[in-house]
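Novice: Take this structure first; my questions come after.
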Amino acid sequence: MYTKGNIQMKLIRTKNYQEMSKEAARFINKRVHANPALTLGLATGGTPIQTYENLAKDYQQNETSYQQITTFNLDEYIGLPETDPNSYHFYMQKHLFSKINIPNEQTFIPNGQSDNLAEECIAYEDLIKKHGGIDLQILGLGHNGHIGFNEPGTSFEQRTHIVKLAESTINANARFFDTMQEVPKKAITMGISTIMESKEILLLVTGKEKYNALTKLLHGEIDPSFPASILNEHNNLTVIATEDAIISNKIS
Ligand SMILES: O=P(O)(O)OC[C@H]1O[C@](O)(CO)[C@@H](O)[C@@H]1O
């Protein structure tokens with residue numbers, strides 16, 4: 001248990017990415033078994049890929065059914081069609097939805113192709129509310145502290161909104177695209193306020209390149225310049241991190 005101010009977060013240290021992913025899948029499965037109609041918030045990016053593979057394995061081995069759960073994704077790029085391999089719609093089909101028994105109509109991802117993006121943001125918020133809010137939100141951690149696509153400087157009060165991606169995020173995402181021009185510059189994301197209203201949050205952090213970001217989260221000030229810092233104020237937060245994200249290997 002890690003204590004900061006009055007709030008306690010549970011910090012689970014794992015040896016490597018494989019162990020983190022196993023631990024994360026176990027954590028999620030436990031919640032699905034306790035509440036088969038769980039409303040689950042999902043993240044994309046590199047971090048949760050193996051967690052999703054483990055969830056799919058659990059379904060294939062008849063351990064867990066996802067038939068009654070509902071999912072809400074954090075974010076989607078603006079302008080990428082759902083069929084684009086870099087869209088988060090495509091990512092979710094590829095890594096999870098096509099491998100488990102969740103009905104399509106119970107999976108929600110912001111529509112980054114909507115003609116009216118402002119309306120899409122409001123509709124997404126309404127939908128989450130209609131489902132009674134998110135029971136468990138999975139998060140990854142951006143190098144610059146972003147959660148969802150809430151970039152540094154985003155107000156903690158924000159709800160689902162349109163964002164201009166930070167240069168550092170565009171550069172980090174470039175590894176998935178052939179050319180820099182193809183990397184989307186805008187996205188639609190759940191806001192920090194939306195995320196913080198989740199009843200429970202599971203943050204996954206992997207690799208030494210996330211060491212600085214995790215250190216800032218654990219030991220830094222709570223400040224909009226580092227969006228993830230607000231998680232310290234959530235009363236039901238678990239962090240599962242790899243050893244190298246928690247302890248620096250740098251020789252000083
Ligand atoms: O896991 P990555 O690829 O390091 O990305 C960090 C986070 O940034 C996002 O891609 C932004 O949505 C998250 O979904 C992700 O968890």
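The backbone N, Cα and C atoms fix where each Cβ goes, glycine too.
Owing to the predicted nature of the structure, the values given are computational and were not obtained by experimental measurement.
In case it's useful when we look at the structure, here is the feature table from TrEMBL:
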type     : residues : note
ACT_SITE : Asp75    : active site, proton acceptor
ACT_SITE : Asn144   : active site, for ring-opening step
ACT_SITE : His146   : active site, proton acceptor
ACT_SITE : Glu151   : active site, for ring-opening step
DOMAIN   : 18-236   : domain 'Glucosamine/galactosamine-6-phosphate isomerase'
Novice: Can you grab the distance from Asp75 (active site, proton acceptor) over to His146 (active site, proton acceptor)? Cα atoms, rounded to a whole Å.
Specialist: 12
Novice: Which active-site residues of Asp75, Asn144, Glu151 contact ligand 1 in the sense of C-beta under 6 Å?
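Specialist: What lies within reach of ligand 1, judged by Cβ under 6 Å, is Asp75.
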Novice: Check the DSSP secondary structure of Asp75 (active site, proton acceptor), expressed as helix, strand or coil.
Specialist: strand
Novice: Take the domain 'Glucosamine/galactosamine-6-phosphate isomerase' (18-236) and average the pLDDT across it for me.
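Specialist: Taking every residue in the domain 'Glucosamine/galactosamine-6-phosphate isomerase' (18-236) and averaging pLDDT yields 96.
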Novice: Cβ-Cβ under 8 Å from Glu151 (active site, for ring-opening step), same chain, 6 or more residues apart: which ones?
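Specialist: Set apart from Glu151 (active site, for ring-opening step) by at least 6 residues yet with Cβ under 8 Å, we have Gly142, Asn144, Val163, Lys164, Leu165, Ala166, Thr169, Pro227.
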Novice: Neighbour count, 10 Å Cβ-Cβ cut-off, for His146 (active site, proton acceptor): what number do you get?
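Specialist: Its Cβ shell of radius 10 Å holds 27 other Cβ atoms.
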Novice: Please work out which residue of Asp75, Asn144 has the most C-beta neighbours within 10 angstroms of its C-beta, and give that one of the active-site residues.
Specialist: Asp75
